[in-house]
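S.K.: Take a look at the following structure, please.
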Amino acid sequence: MHLTEYLFYRLHQLGVRSVFGCPGDFNLTSLDHLETCGLNWVGNTNELNAGKGISAIMTTLGVGELSAINALAGSSAELVPVIHIVGYPSTEAQRKGLPIHHTLGDGDFERFAKMSAQISSAVVILKDSSNATRIIDETILECCRSSKPVYIGLPMDLVRAEVDPSPLEHPLTAEKPAPNPIVEEESAVDLILSRLLVAQSPAIIVDSLANKPHIFESTRSFVESSGLPCFITPMAKGIIDETLPNFRGVYADKASQPFVLEDIQSCDLILNIGPRPTDINTAGFRTDMPHVETIKFEHGKITLLSEVVGLDASGVLFKLGDALHREGLESSPDSTAPRKLSHTPEESGSASSSSTPSSSLEGDSSLDFQTPVLDKSAPLTQDWVWERLSTWLREDDIIAADVGTSSFGTLWTRYPRGAVPLTQLLWCSIGYAVGAAVGAALAAREDKHQPKGLKRRTILLTGDGSLQMTAQEISTMVRRKLGVIIFVICNEGYTIERLINGPEAEYNDIQPWDYKLLPTTFQAEPGSAQTYAIHTQSELDMLLMDPSFGPEPIDDPPLRLVELHMPKLDAPESLRGTIDAIVRR
C-alpha cells in the first residue's frame, strides 16, 4: 500500500469523507489517491476558506499553508480537531537545501512548520517510510486527544512509498480517562451532595469545555436528570437541549437578559461545568460572585470548597446524578418551568398581529414561540429580526453565525432540539461562518444516520463586512450544489467596531455590494439559486411564511441568499451589553 493511501484510509476510518484545500505542485500526486480511499475533494477557492471547514485540509508548502494558518489558529483557540496535511518537496531537495519556489530561498524547509507549531498540538514532517505509519497514527491520536489541529508534512517522493497496511486492521481510538479511585470519587460525590442538600437555590452553569468528548454525555445526562435550573454561557450554546423544562437561558453577567441575571444573583450554589472564562464569554471577566459558593468541574479536576481534587469530572457527574435520584432531590417540572424569553410578546405584554401560527419546539413541555408583533411598514431592526427568525428555525438545523450582530443576535434565541450552532466567540475571525457553512452542509449531506427523506438545513447568518472577507466560498456552495440558506445583514460595515469606537468613522464603512448577484457571478445553473432583498418586517414575514422557502425536499434544495437591510447603527442588545462591559472593564 502507498503511504498516502494509508494516511487517507486512516482519515476514512475516523469518519472523514471530504478533504478541503487547494491543489499545489507539492500535493498534486497525493490528491490522485483520494478517490481510491473513499474521500471526496472539495476544492476551495483559497486556503483560508478551506481551513474554516472541518476535519482535514491539504495545502502546499509555504504559500498554501500560511494562507490557512489564520483559520487553523481559530480551530486551536476553539478546540476543533483538524488534520492539516502539507505537501513538501522531495526529501532529497530538502537534504540539499535547494532554493526552491514557495520558500524563502534559504534552504530552510521547516521554517513554516515552526510557525504552525504555535497553534498545533503536534507537528511532524515525514522523513522516510520506515516508521511513517506509526508517526501518522500517533499524530492522529494526538489530534483526537487534544481537540486541536495537527500538522503532517508529506514529501512528494514519499507519496507512493510502500508501507505495511496491517495497522489499518485496528481502527484508532482515543484513550478514555482512567476510572476514578472509588473512595476518592465517592467522597467527592458525598461532599457535593451535602452542599446541594443545604443549598436554598442551586443552579448549573454549563460552559464551552463541557463540549469535549470526555465530559459531554455526562454533562447532558446530569442536567436532564437533576432538573436543577441550568444556564449556559455564550460559548456553550448548543451543548444543552434548550427545550428542557429546566433550561433558563444564557448567562454572560451584565450582558445577560435581565431575568437571567436576576436568577443567577439569587443563587447560593453553582455547579460550573467546563468553565472557560474568556472576555466575551463573561462580558469582560465579570464573573466574581463572592456570595455564591461555586463547584467547578474541569478536565481531570474538580474544585470544591477551595480544594482541587484530581478526579475525572465525567464519572463524578454520573454518580452525582444517581445520588440525587436516590435522595429524591430532582427538581419537579413545576419548580423548573422555563421562563419566557424577554423579547417574546407574552413577556412584553403585546400580542402578535401576524397570522403565522406559533411554532412548538417539541413535545408538551416545550415553549411555544409566537411570531413577534408585525408592523408592515416598519423597517427591519436587529432585535425584531432575531426574534422572528427564532420562530422559523426547526429541529436539527445547523446554524453558522458569524462574529458580530449574527452571533450575538442569536444568543438570546432559544434553539430547537438538536440544533447545532457554529460560531467563534474566542478567536472572533469575521468571515469564519461562510467556510464553516460549507463544511457543515457537506457533513449533513454525508450523514447516513438521517431519516429517509429528511435533510438537515444549513443556515448561514453573516454580516456584509464578514461576507466580504470570505465571499468566494459561495462559489464552492454553487460548485458542490449545497443548498445553504444565507442571510446577509446589510448595514454598511463593521457594527462591533462602530460600538467600540468611531460610529460614523470612514474606517468602519465598506463598499456596498449587490450580494444578490453572487450566485450568477459564480455561474449557478438556472433554477439552482434564489435571491431576495428584504427591507421591511412585512417582506421578511412573508418570505419566512412561504412554504417553498423553508422546508426542503429530498432532492438537493437551491441555494438561497437573502439580503436583510438594516440601519447601520442598530445592534442587538446582547452585543451592546457585551461591548459596554468589555470596553469599560
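Think of each number as a place in line: the chain as shown, counted from 1.
Each Cβ is built from the backbone N, Cα and C atoms, and glycine gets one as well.
All annotation found in TrEMBL is predicted automatically rather than curated by experts.
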S.K.: Do you know which of Asp447, Asp464 TrEMBL groups with Asn491, Gly493 in the Mg(2+) site?
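M.R.: For the Mg(2+) site that includes Asn491, Gly493, TrEMBL also lists Asp464.
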S.K.: Would you mind ranking the binding-site residues Asn491, Gly493 by how many other Cβ atoms sit within 10 Å of each Cβ and giving me the lowest?
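M.R.: Relative to the other binding-site residues in Asn491, Gly493, Gly493 has the fewest Cβ atoms within 10 Å.
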S.K.: Can you name every residue in this chain, apart from Asp464, Asn491, Gly493, with its Cβ inside 8 Å of the center of the Cβ atoms of the recorded Mg(2+) site?
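M.R.: Going along the sequence, the neighbours come out as Gly463, Gly465, Ile489, Cys490, Glu492, Tyr494, Thr495, Ile510, Lys568.
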S.K.: Specify the count of other C-beta atoms within 10 Å of the C-beta of Asp464 (Mg(2+) binding site).
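M.R.: So the number of other Cβ atoms within 10 Å of Asp464 (Mg(2+) binding site) is 25.
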